[in-house]
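A.B. asks: This structure is in structure tokens; I'll ask about it shortly.
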Amino acid sequence: MDGTMGLQGLLCLCLASHLALQAMPTQGSPTDSTKGNKAVNGVVIRSLKVNCKVTSRFAHYVVTSQVVNNTNKPKEVAFDVEIPKTAFISDFAITADENTFVGDIKDKVTAWKQYRKAAISGENSGLVRASGRTMEQFTIHVTIGPRSKATFQLTYEEVLRRKLTQYDIVIKVKPKQLVQHFEIDVDIFEPQGISKLDAQASFLSKEAAAQLIKKSFSGKKGHVLFRPTVGQQQSCSTCSTTLLNGDFKVTYDVNREKLCDLLVANNYFAHFFAPQNLTKLNKNVVFVIDISSSMEGQKVKQTKEALLKILSDLKPGDYFDLVLFGSAVQSWRGSLVQASTANLDAARSYVRQFSLAGSTNLNGGLLRGIEILNKAQGSLPEFSNRASILIMLTDGEPTEGVTDRSQILKNVRDAIRGRFPLYNLGFGHDVEWNFLEVRALENNGRAQRIYEDHDSAQQLQGFYDQVANPLLKDVELQYPADAVLALTQHRHKQYYEGSEITVAGRIADNKLSSFKADVQASGDQGFKTTCLVDEEEMKKLLQERGHMLENYVERLWAYLTIQELLAKRMKLEWAEKASVSAKALQMSLDYQFVTPLTSMTIRGMADKDGLEPVIDKPLEDSQPLEMLGPRRKFVLSASQPSPTHPSSSIQKLPDRVTGVDTDPHFIIRVPQKEDTLCFNINEEPGVVLSLVQDPDTGFSVNGQLIGNEARCPGKHEGTYFGRLGIANPATGFQLEVTPQNITLNPGSGGPVFSWRDQASLRQDEVVVTINRKRNLGVVREDGGTFEVVLHRLWKGSAIHQDFLGFYVLDSHRMSARTHGLLAQFFHPFDYKVSDIHPGSDPTKTDATMVVKNRQLTVTRGLQKDYSKDPRHGLKVTCWFIHNNGDGLIDGVHTDYIVPDIF
């Protein structure tokens, strides 16, 4: 395809669970139109569809858009989608010119190696950037050919969280041109039954919304459909501009007559806990406020505004105090006082009058607030029965008193001792976010950023509203230890009105009959209940929702588990952090989620530097969108990616490698000699040869020979590797590779992949990456990088069977005792070649080689190395050792025959 960039025609789609859709034209005037669509530089958005399926809070979104280039020149098109920060991308594909380019998810370290060139140059090859308060912006620019079309499809998933008595799905709609087929379709299935459902659009009058938005719910099902015609999209009857510009919002809640909402499918369960009609607990609350000089201006003004409103919301049964910290620490009363009218009036006066002072004694402010709550709980029994809450607001980092982050974390942990939650609010982008979040997570709370904007006071108030009405404290959801194999967080310090606690887990085989949930908590009165599984009801639900229910319950568990592991790793260091990170990475790969530990690449696309695009998940501390450099532009190949390109998931290959391929030729790289040696092994089909054996770790690679399907009896014919076994008994890792399938842990019924798959797998310290129809990489974290090459043969080939090649890319960290037909050559050895002369074959040269105190006749010849080019191979000049490597290998070749590949 011609890579020339024309004038830009941009499709912009912004999505959230919170979703937003947006299409933005660029410079230049419209030049064409199709069936009522107004073209932007000849590029038309033919269709734009958002499909959202919610099953028991698990939301699965698919955004699909088709654009058409009606010009005779290539055009640049951008697909732009905003997704919530809490969501994980799980799939992306582009179809253009009858070719489909799909995303591959792999671990971030592997992906980073591929894109280190872009990172070093300072350019940004990432497609996802932080955008706004709750969103991440996904954007990809591609060039499509003349008179052609491109279809983009993005999939992402999340678990909807209940806030203030409802679940929200918000779609920001801004296509910037009329769209022939525009559709938002939301399908909701909730086993508890839907209690309310509404949908509104900020860009439509109430009358127009009632006419255009179709919404209905009955029993377990709810549906919202917005499908305006081109005429209904017009801003006026004679206009060519669109009125679709604003928020499309769906809200719903579920029935809660039953205390128990326990869902089980395919040995996974989800437990939703949100009891109603409970008496609100009185609370002890201390507000710890940063009054350092950096809070000057709008920050302190809006903080005071929010505090005044929050004080007005306190109930007479609540107790409270205020702590201010700058260079010094001051408290309003120094102990909790009742939220009486007189005390509230005095507190409001104090808030209006306080002024800013100096630096940031964060440690001192927090410890003073904790001391006030601890003192109250220890002094009077009635205080201990209340729900205690500590809320801290700061805009910066500690600069006064104790400033060491580790020491502050320890001081706060030791002072709170798990008695109550700490909520940290960070004002603006200068706040040290990771430190803020870890401090909250270590103390049963959470962190939230308050953005510097006209509505900062409303943001503060909005956060407080979520924790203003505690109903229960010390909530524990318990499950039989022998029936549950994996479990998400099931202990919570407090449960607040309008929220929901969600626990998910995996049930052991044959343990469903003994599975139950015991819930206990402290409230106005003691709270205790037991939930059992209604198996008949589960069967009915499976009949209604089928595979979708089974799949979504498991993915809900995976989503929650990954989120919790990512949060947990922030609190850990060194080996513990590495262990938790490895678990989160493995689950991200298993369930194909783009998380902070994984990346998605799109094969078959490249920018001007030949780099494929990469989809990452930005961290909360990522720079705002406008602070980042220009995005890279990618061109779709006319066909699928060429096999001549090195694998993206395998490190850069040395100029020459050690390996074995074809019938079977062993190629031994001798770097200290800057030379290569070769030999063949002639054995019968079915024989298994030991290629690598490390007795110190148990790691091994064995290969089984196959022959020509049409062999002639009595005639020697070539053999090839048709089956490889890679194993590490110490960790239970086994990988069986054939030209048809790749099987992880075949002895225990592990997953099976075909060579048509693209996947990255991790087990313990081994990472396996499958590159579709080409090769497979195996990386041991403690040493050793290997590649398996797939040889697919054409129908007219004389061999008649597909086979495998095996290459060693890095062996320098393997133990000194590693051995095998290949591995014995990982260690340095010496030889001398002399008496080079014409051989019996006039086209080849013979010589005398002295190696291992033996004198051999060797022949100069050519072999092929397929590690870089699996299809054609690269010619390698080598000294060929005859008679099965006799004299070069230790012992004789039959010493390396083993019973099986494992």
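Going from the start of the chain as shown, residues are counted 1 onward.
Glycine residues also receive a Cβ, built from the backbone N, Cα and C atoms like all the rest.
Found this in Swiss-Prot, in case it helps:
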| type | residues | note |
| --- | --- | --- |
| COMPBIAS | 637-651 | compositional bias 'Polar residues' |
| DOMAIN | 29-158 | domain 'VIT' |
| DOMAIN | 282-442 | domain 'VWFA' |
| CARBOHYD | C52 | S-linked glycosylation site |
| CARBOHYD | N69 | N-linked glycosylation site |
| CARBOHYD | N277 | N-linked glycosylation site |
| CARBOHYD | S639 | O-linked glycosylation site |
| CARBOHYD | T644 | O-linked glycosylation site |
| CARBOHYD | N741 | N-linked glycosylation site |
| MOD_RES | S121 | phosphoserine |
| MOD_RES | T394 | phosphothreonine |
| MOD_RES | T399 | phosphothreonine |
| MOD_RES | D663 | aspartate 1-(chondroitin 4-sulfate)-ester |
| REGION | 637-656 | region 'Disordered' |
| SIGNAL | 1-28 | signal peptide |
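Buried or exposed, and what's around them? Tell me for each listed feature.
C.D. replies: Confidence annotation: the domain 'VWFA' (282-442) carries a mean pLDDT of 94 in the model.
Look at C52 (S-linked glycosylation site): DSSP puts it in a strand. In the shown protein chains, 21 other C-beta atoms lie within 10 A of the C-beta of C52 (S-linked glycosylation site).
The DSSP secondary structure for N69 (N-linked glycosylation site) is strand.
Here N277 (N-linked glycosylation site) comes close to no residue that lies at least six apart in sequence on the same chain with a C-beta under 8 angstroms from its C-beta.
If you take the C-beta of N741 (N-linked glycosylation site) and look for same-chain residues 6 or more apart in sequence within under 8 angstroms, you find V752, F753, S754, W755.
Taking a C-beta cut-off of under 8 Å and a sequence gap of six or more, T394 (phosphothreonine) has these contacts in its own chain: D290, T360, L362, N424, L425, G426, F427, V431, L436.
On its own chain, T399 (phosphothreonine) has S292, S359, T360 as residues at least 6 apart in sequence with a Cβ closer than 8 Å to its own Cβ.
Note on D663 (aspartate 1-(chondroitin 4-sulfate)-ester): other Cβ atoms within 10 Å of its Cβ, all shown chains, come to 17.
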A.B. asks: For N69 (N-linked glycosylation site), list the number of other Cβ atoms lying within 10 Å of its Cβ atom.
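C.D. replies: Other Cβ atoms within 10 Å of N69 (N-linked glycosylation site): 27.
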